[in-house]
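**Q** Sharing a structure with you now.
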Amino acid sequence: MTCCNQQSSQPKTTTNCAESSCYKKTWRDFRGTRIERGCGCPQVKPGIKLECCHTNECNN
């Protein structure tokens, strides 16, 4: 599976993953809205929005 792995609003980059899902985490801090993308579907702390999906590059 191919997942996007760029941070926040950086240009799109992808990585090949062994997992069958991709994730996109969104949260706010003193720098504004932060976005992290990657492979799998991790546990997150309260206050962090997590979206998991199961198709190539679905987490852009």
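If you go along the chain as it appears here, the first residue is 1 and each next one adds 1.
For all residues, glycine too, the Cβ spot is worked out from N, Cα and C.
Sharing the record's features from Swiss-Prot:
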DISULFID  C3-C22  disulfide bond
DISULFID  C17-C39  disulfide bond
DISULFID  C41-C52  disulfide bond
DISULFID  C53-C58  disulfide bond
**Q** Check the disulfide-bonded residues C17, C39, C58 for other C-beta atoms within 10 angstroms of each C-beta and report the one with the most.
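**A** Highest number of other Cβ atoms within 10 Å: C39.
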**Q** What whole-number Å value do you get for the CA-CA distance of C41 (disulfide bond) and C22 (disulfide bond)?
**A** 6
**Q** Relative to the Cα of C17 (disulfide bond), which of the disulfide-bonded residues C3, C52, C53, C58 has the closest Cα?
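**A** So, of the listed disulfide-bonded residues, the one sitting closest to C17 (disulfide bond) is C3.
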**Q** Using C-alpha positions only, work out which of the disulfide-bonded residues C3, C22, C39, C58 is nearest to C52 (disulfide bond).
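**A** If we rank C3, C22, C39, C58 by Cα distance to C52 (disulfide bond), first place goes to C22.
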**Q** Of all the disulfide-bonded residues given, C3, C52, which has the fewest Cβ neighbours within 10 Å once its own Cβ is left out?
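**A** Ranked by other Cβ atoms within 10 Å, the disulfide-bonded residues C3, C52 bottom out at C52.
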**Q** Measuring Cα to Cα, how many Å separate C58 (disulfide bond) from C3 (disulfide bond)?
**A** 7
**Q** Given the disulfide-bonded residues C3, C22, C39, find the one whose Cα is closest in space to the Cα of C53 (disulfide bond).
**A** C22
